[in-house]
Each structure stands twice: as C-alpha cells, then as structure tokens.
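Chemist: Dropping the structure in here first, questions after.
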C-alpha cells in the first residue's frame, strides 16, 4: 500500500435528507476522529475494531462542550476498505449546514479536502481495483437505466480486467516465442523452424479474434452507457409532437391542427427496454418567412446532423410534396426509420411508388398508438439486432474501444510482417505496442497526466 496523507469529503449528495456521510481515508483517520468525536460510552476511539460502529457526538475541536451534531461513526481497517487504507465514515444528519459543519471539524482536526475521484484513485493506486474497474464506479453512479447499471456492475467486478489480462498473456507468450526464435537463429545461424513461426501466427490470430469479439458490441455499448440520440423530423403538422407524447405516455408537447406550433426544440429522455434514449422533437421543416419559426427550422437541421437515428414522419393522409422530398434526400444516407402517420384515417393518399427507394417503413397512428411497439422493436433491431443481453460484458467506454482498436491494429501489422518474412525483432515491436495498448485499459500502461484527467472527472467524495 502506498503512503498518502489523510483526505476527507462528503460522500453523499448535498441537500436536505435523512443522513449524510463524510468519508475519511488515510493512516491517521482514528487519530483525527478522536479529536472531534465523543462516544456516548467513553470508548477509546483509537482502539476501535474494524467493521464496527460507535454512536456519539461530533464536537468543536476548540470547544469540546459545543456539540456540532449527533452521529454514528464506522471504521474499516486497511487493507479491507474501499481505498485500501484505513477509512472512517461519519453518518450525520442530512442538510447543508449540518454536513458542512461536521466536514469543517474533520478538516480542522488534520484531514485534507479530497480532490474529485481521489478516493477511487487511491483504491487504484493501492491495487484494490484496476483502472477499468475504477471507471465502472463512475458509470454506476451515472447509469441512466437498469441495463446500463448492470453493464457497469459487470465491469466493476473485473470482467473486462479478466479479458484484458488474458489477451496480454497471449501476447506475452508470443513475445517469448519470438525471443526464443531470435536466440535460435543467432546460435545456429539457421532458418527459423516453420512450426515456431506457425505458433507465433496462431497466437496473434487468436488474440485478434478475441479482440474483435470484444469490439463487436462496442457501438451498442456506447449507446447503453451514453444513450441513443433520436431526432424526429418532418413537415409541420405531420404528428411529430403526437409521437413524442405517445412515446413519453404524457402530453409533453403541444398538439394542434395549426402548422408550425412547435417552434423550438423539445428534448426528453425515455427508457426503451433498458436503452437510455434522448428523443428530440424538432420544429417542422419548411420554407417560412416567420423569423422565430425560421430559427427553429435551422435548429432542426443541426439536430439531424447530431442524431444516431432519424425518425422521418410523413402524413399518410396527404400526397408527398417537394418539401417532403427535400427532407427525404437529407436523411437517406443516414440511419433512419420512416413513419407513415395517421393510418387510422380512411382517406390514405401517400404515393407508394415514391416510397419504393426507402427502407424501414412503419405504418403508425400516433393518436391511437397503432405501430408504436413495432417502432420500438425496429429501433432495437437497428442497434442491437433485436436483443440486448444484460449478463454479458459490454465495451461501453470510448477509451477502452480506442485502446482495443490500437492493439488490434498492431497485431495485424505484426501478422503482415510475418507473412512478408520480415525480421522477428521488428515484429516484436508491434506485439509490444499491442500489449501496451491493452495495458492502458487496466492502467498498467498509462501516463500520469491521463490518469489524473480520468479521475478528475469523478465527483468529490468518490
């Protein structure tokens, strides 16, 4: 365990509540606590046993008679704590004043206010967790759905770490074979045994296959972690706001028969079978002289560029006109779903021949709810092949994805060099680079500046 000073921070959200927790971590936690904590039974805090709790008061450091708050103090002895250090947690009354008053006394008694993510950083530096597990902690905190929570929990338990360590083991074995082959050629001045080259190639190809398997769900993983950005577009009065209300199951957007009612962007979040989805209802796209509506139309066009998925709504009770065609041309090279709305009406006029060049067409009625479930299933098909597993490892972190691609690229370069009969010393450079890239995921190979940046994005107290 590394030696650090003693740090403290509020570990619970600031605000009114039943209980707040002040976390203290470091060698001197009991010594600091004994200066400001008075147990009801006159117990010697510095001899407190691990995994026990004591009831008492936090008192003013300079005036022991002044009670700051009534608290419960718990102790976890190193190394069996979150940080791997001695940890004390003070459970005080929730509330801004009471919590900050207790924290002030802890600081006066000798602790330093922790930096963002410093507790988790210490857990990493003390070997309690690796970097991928540390990042999973933040993902758990920010999870938007049960699925994203489960994905983060699987990673926090070391599932990704296990895969990465296995891959590094394969590549380490490849390096050992290369070193043996190099020594063999130096000693015997002979051509390397073909079987040895075959073993080296097999080791690299096996690694490539496993990396590609991990990367196969990376795009879906990003959506599980960060959410899917869906933008609803179409002409005015085709039913975009009605669709938003149907998906939200509440009247969030104003719905009228007057074209151009929605002049600004409306953004809402829904849980689509575990997928966090941000749905944006845009202003109807059309040529207009209205200054305010024109701004809304420009915003709509900007949102189209940012979307993961575009939902184009067409009014099935009208003929497709030039404005519809312009919108169709704008989205046809993107991932999209076309909704033919108002299919509950008897007079359907939309021209089928114009739709022949479009795919993913669904008949719906935003008013009655017809086709809404089909729409949800189609979204899942487009991004998850219709199935989302909550039990398997999902690569959801962009940094992990980038490192895996870097490792894969170096492995492929190594194979190319082998097939070109290049020197084995040159091939070992690519294998070493591939191992280094994998080590960036677990933190075994990472610059301190990048480590500091990763942990700085955590909240204070975690």
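Every residue gets a Cβ built from N, Cα and C, even glycine.
These came from Swiss-Prot, pasted as-is:
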- 23, 89, 128, 462: (6S)-5-formyl-5,6,7,8-tetrahydrofolate binding site (BINDING)
- 227-384: domain 'TrmE-type G' (DOMAIN)
- 237-242, 256-262, 281-284: GTP binding site (BINDING)
- 237, 256, 258, 261: K(+) binding site (BINDING)
- 241, 262: Mg(2+) binding site (BINDING)
Chemist: Measuring Cα to Cα, tell me the gap between residue 237 (GTP binding site) and residue 462 ((6S)-5-formyl-5,6,7,8-tetrahydrofolate binding site) in whole angstrom.
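Modeler: Counting only the Cα atoms, the answer is 48 Å.
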Chemist: In Å, rounded, how far does the Cα of residue 128 ((6S)-5-formyl-5,6,7,8-tetrahydrofolate binding site) sit from the Cα of residue 240 (GTP binding site)?
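Modeler: Spelling it out, the Cα of residue 128 ((6S)-5-formyl-5,6,7,8-tetrahydrofolate binding site) and the Cα of residue 240 (GTP binding site) are 50 Å apart.
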Chemist: Between the binding-site residues 23, 128, 240, 462, where is the Cβ count within 10 Å the lowest?
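Modeler: Among the binding-site residues 23, 128, 240, 462, the lowest count of other Cβ atoms within 10 Å belongs to 128.
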Chemist: Name the secondary structure element type, per DSSP in three states, that contains residue 240 (GTP binding site).
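Modeler: It is helical.
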Chemist: Any idea of the Cα spread of the (6S)-5-formyl-5,6,7,8-tetrahydrofolate site, 23, 89, 128, 462, as a max distance in Å?
Modeler: 19
Chemist: Measure from the CA atom of residue 462 ((6S)-5-formyl-5,6,7,8-tetrahydrofolate binding site) to the CA atom of residue 240 (GTP binding site) and give the result in Å, rounded to a whole number.
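Modeler: That comes out at 42 Å between the alpha carbons.
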Chemist: Among the binding-site residues listed here, 237, 241, which has the most company in the form of other Cβ atoms within 10 Å of its Cβ?
Modeler: 241
Chemist: If you average pLDDT over the domain 'TrmE-type G' (227-384), what do you get?
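Modeler: On average, pLDDT over the domain 'TrmE-type G' (227-384) sits at 78.
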Chemist: Given a separation of at least six residues and a C-beta threshold under 8 Å, show me what packs close to residue 89 ((6S)-5-formyl-5,6,7,8-tetrahydrofolate binding site) in the same chain.
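Modeler: Non-local contacts for residue 89 ((6S)-5-formyl-5,6,7,8-tetrahydrofolate binding site): 11, 21, 22, 23, 24, 73, 74, 76.
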